[in-house]
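Lifted from Swiss-Prot, the feature list:
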MOD_RES   Met1  N-acetylmethionine
COMPBIAS  177-188  compositional bias 'Polar residues'
DOMAIN    220-357  domain 'GAF 1'
DOMAIN    389-528  domain 'GAF 2'
BINDING   Ser411, Asp426, Ile445, Tyr468, Thr479  3',5'-cyclic GMP binding site
DOMAIN    558-882  domain 'PDEase'
ACT_SITE  His636  active site, proton donor
BINDING   His640, His676, Asp677, Asp788  Zn(2+) binding site
BINDING   Asp677  Mg(2+) binding site
Amino acid sequence: MRRQPAASRDLFAQEPVPPGSGDGALQDALLSLGSVIDVAGLQQAVKEALSAVLPKVETVYTYLLDGESRLVCEEPPHELPQEGKVREAVISRKRLGCNGLGPSDLPGKPLARLVAPLAPDTQVLVIPLVDKEAGAVAAVILVHCGQLSDNEEWSLQAVEKHTLVALKRVQALQQRESSVAPEATQNPPEEAAGDQKGGVAYTNQDRKILQLCGELYDLDASSLQLKVLQYLQQETQASRCCLLLVSEDNLQLSCKVIGDKVLEEEISFPLTTGRLGQVVEDKKSIQLKDLTSEDMQQLQSMLGCEVQAMLCVPVISRATDQVVALACAFNKLGGDLFTDQDEHVIQHCFHYTSTVLTSTLAFQKEQKLKCECQALLQVAKNLFTHLDDVSVLLQEIITEARNLSNAEICSVFLLDQNELVAKVFDGGVVEDESYEIRIPADQGIAGHVATTGQILNIPDAYAHPLFYRGVDDSTGFRTRNILCFPIKNENQEVIGVAELVNKINGPWFSKFDEDLATAFSIYCGISIAHSLLYKKVNEAQYRSHLANEMMMYHMKVSDDEYTKLLHDGIQPVAAIDSNFASFTYTPRSLPEDDTSMAILSMLQDMNFINNYKIDCPTLARFCLMVKKGYRDPPYHNWMHAFSVSHFCYLLYKNLELTNYLEDMEIFALFISCMCHDLDHRGTNNSFQVASKSVLAALYSSEGSVMERHHFAQAIAILNTHGCNIFDHFSRKDYQRMLDLMRDIILATDLAHHLRIFKDLQKMAEVGYDRTNKQHHSLLLCLLMTSCDLSDQTKGWKTTRKIAELIYKEFFSQGDLEKAMGNRPMEMMDREKAYIPELQISFMEHIAMPIYKLLQDLFPKAAELYERVASNREHWTKVSHKFTIRGLPSNNSLDFLDEEYEVPDLDGARAPINGCCSLDAE
């Protein structure tokens, strides 16, 4: 067995222990493999290495290819079995463990001790060593040993890799011996220092390469590069050398080691331009004179010194025949230029070391992937601890994505119907919806990724047609490169998009970053889906809590109640009041006990009961249940709901709505009017959010907190036994009715009205088109709002007296806000509110524009607008009077006493039972 000189072995013993090896056993094993130069030495080294790193090793057989392409073991001489588990491992080219080999698999006595079954704590490992360059199994090792731990598994992988490298080295030396021996015998060169034991002479360069190869046992690519570069510097007399590694996509060069120094951060630069890129394509060496100025600038920046001479030689993989690195030597000592001999030295070096280099780099890449997988598992742990809050989860996703990819900025968009919405940024979570970023789901880079579901890696953002640089121009930020990837749920549907901007330690995001982003996106999708599911579960609990709260507050409708209501049948509308269908009628004049019958009368007069075959007892129970569903705040009570419903009836009777809307739409509008303020607590949306109420927890993320609660309560009543008036509807009609009710009730939020006001104006200008579905939706919203504010269309006495009720409600909320330590709005503060000015402002900016639109669409509604304008004049006179005399006292409601009443300009005298519709939700 031939080994390297003792001096070399002493050098090896000083090398640091590879990370993860635990002790010197693995290092000694790799040293043994790194120093062999013949077959006998290889077999002995393999046996010693496996015995050192594996438990309870009893037998090791190493099978190598002979001249007839058979796998043969020399000690004792026998051929590898061709059947059973051995054949299975060779065909699959993967290591296989078993509890012994079958008797029919074993050719004679040498392998008899491996026959199954073995002792329970032992096994036979069949280890095929695959030469990827040749595409075939180069050797097979049979080992009888104990069961492996994780550390022993790791050590075995290292031994396998270095055994294959040692085998290739031995084979290369054998080929060289066969070609060099005759020539060396006849004409021994002067520099040859022959080892005549085998009849072969080696040059000094051969011996140096052999010594270098023996030293290349490192599992760390940087340590390996240091040894190779030191050898090149010595042999070429270069002041420093480096190895520029080519990325898998041939678009990027990276350097980690320069001369005798390992850089703290890897340096990367693009390979798309300049002569260095040509070297990768042409596989031909170049010198300094061939470089472009851009190449020179990049190299000098990397080296930190002036380049006076350079030799760049491509390193070609024998497995793929592709350039995997560029070996560069700089500034030859003595100021000379590099020669052809220097180029030959570099090529000769990598002829023997390129396989070790590429395999070590591949091994290190696997280790890096292992570390990244561990990092991803930690990321998953971090993400799954924030499932209770989607916003916090998205913030965590942004942080982890930025850290994993070394990106400067990260943004996450969630897909919301046809829009991509971002409300979580690097700086934190945006609470105000007005500051959210919303972009169409089919526009821009994020939109493209959301639409295609494919990752998009953009090296140069400004050169990409989908990039909009207006934001950069306005902010001064410079977007260099972008990596945008989709986030999908378990059904592979895109639910969001993540966008990474500006790679920090590289020219752009690499293929490795793409793979990492793809893996990361899986965790994102799972965590977001589970977070949304968690949110739904919480919402279900909140709904359950609210339902229980409502059932405790309200009593169910008894059979006696609806039987009494229907005892004499449904009363005709004309029997209620001769002016019941007139805009001048004040519904609050009707006693509250008679309002349920009035609802039934209006439904019958509009023919909905007959058209939709509604069961009268069910309808009676529904009406009584809705009435009980209202609490008793000063304004948002059942009488308000009845007044709103009555105004809907007036619109139907006076404006001929059947020429504009479908019957189902009108029916949905009327029922929505009845239910639009169910379970109102006398406080608005802002108060719910500020007080962190159960309602806010349930609905604040969607907006319109109270309106969504009103609709939910309406559904709860419909789902109550004996109250579903839509029970006979088809599935399609039932779904449409609920959709209409939801949209109409949500339209009672004045914020919604203000959002669609321009669309309403445009519709009034161009004229209503019954064939236009959007016009139907807009008109329903306008009609609902006009019904909700209908108290403003009644006489001055009604409007004046009603203001007392609504401001009592407002001031009660203001008192609660003060008790919470908050500052209420002026209109809610009994000590600051100047009611005449507040009413004038409300009528000018909200009420009058609404009824003006109604007049434009329905000329018969002109009297409504005129009456609202008249009431506005009354408030102006009241305001002027108090400007002269001052407020009567500190109580802002005192001015409503009869002493300060202004005579009714239109002479209308209406019974007082209600309030103005300043709905501040």
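Residue numbers in this text run from 1 along the chain shown.
In case you wondered, yes, glycine gets a Cβ from its N, Cα and C as well.
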Distance check, please: Cα of Ser411 (3',5'-cyclic GMP binding site) against Cα of the residue listed as 'active site, proton donor', rounded to an integer number of angstrom. 43
Quiz question: given the binding-site residues Asp677, Asp788, which has the greatest number of C-beta atoms lying within 10 angstroms of its own C-beta? Asp677
Measuring Cα to Cα, how many Å separate His640 (Zn(2+) binding site) from Tyr468 (3',5'-cyclic GMP binding site)? 51
Using a 10 Å radius on the Cβ of Tyr468 (3',5'-cyclic GMP binding site), the other Cβ atoms enclosed count 13
How many whole Å apart are the CA atoms of Asp788 (Zn(2+) binding site) and Thr479 (3',5'-cyclic GMP binding site)? 50
Tell me, how many other CB atoms lie within 10 A of the CB of Ile445 (3',5'-cyclic GMP binding site), whichever protein chain they belong to? 19
His640 (Zn(2+) binding site), Cβ-centred 10 Å count of other Cβ atoms over all protein chains shown, is 28
Rounded Cα-Cα span from the residue listed as 'active site, proton donor' to Tyr468 (3',5'-cyclic GMP binding site), Å: 49
To the nearest whole angstrom, state the Cα distance for the pair His676 (Zn(2+) binding site) and Thr479 (3',5'-cyclic GMP binding site). 49
Cα-to-Cα gap, the residue listed as 'active site, proton donor' vs Asp677 (Zn(2+) binding site), nearest whole Å: 7
In DSSP terms, the domain 'GAF 2' (389-528) comprises 55 helix, 42 strand, 43 coil
Fill in the CA-CA distance, Ile445 (3',5'-cyclic GMP binding site) to Asp677 (Zn(2+) binding site), as an integer in Å. 43
What is the number of residues in the domain 'GAF 1' (220-357) that are helix, strand and coil, as DSSP sees it? 56 helix, 45 strand, 37 coil
